[in-house]
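Taken from TrEMBL as is:
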type: BINDING; residues: CYS7, CYS10, CYS29, CYS32; note: Zn(2+) 1 binding site
type: ZN_FING; residues: 7-32; note: zinc finger
type: DOMAIN; residues: 72-113; note: domain 'TFIIS-type'
type: BINDING; residues: CYS76, CYS79, CYS103, CYS108; note: Zn(2+) 2 binding site
Amino acid sequence: MASFHFCAECNNLLYPKEDRINKQLLYACRNCEHQEEADNQCVYRHEVQHIPIEETMVITDLSADPTYPRDNNHPCPKCGYEAVYFQSRSRRADTSMRLYFACCNKDCGHRWYEA
């Protein structure tokens, strides 16, 4: 995992630097001449975060999960069967109060949302 490194001489942040001659990764201070060899080759880690409608695609069998409430007032627009629903776990402003639905009919499996 990537982490911050600090200069042993002036306590400023060390930045990744490539040593092309020796083909190795270094951390170098921009204020003084201090450099140190990197103990880990990872300088950046990208974590994929799914948006709520994608979360319903990751969980394949939402209709069988007993923890999701069922709703007969919002039937599936494709087959008319009952649906399960949930709110987004995302903290993004555009998804905060949106309800996401998944059809309970195993042959349909339609997913949709309402504002």
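Placed from the backbone N, Cα and C atoms, the Cβ positions cover glycine too.
Mean per-residue pLDDT, taken over the domain 'TFIIS-type' (72-113), amounts to 80.
Taking only the Cα positions, the spacing between CYS7 (Zn(2+) 1 binding site) and CYS103 (Zn(2+) 2 binding site) is 56 angstrom. For the zinc finger (7-32), residue counts in helix, strand and coil come to 0 helix, 13 strand, 13 coil, using DSSP. Sorting the binding-site residues CYS7, CYS10, CYS76, CYS103 by the number of other Cβ atoms within 10 Å puts CYS103 first. Comparing local CB density within 10 A for the binding-site residues CYS29, CYS32, CYS79, CYS108, the maximum falls on CYS29. Of all the binding-site residues in the list CYS76, CYS79, CYS103, CYS108, the shortest Cα-Cα distance to CYS29 (Zn(2+) 1 binding site) is found for CYS103.
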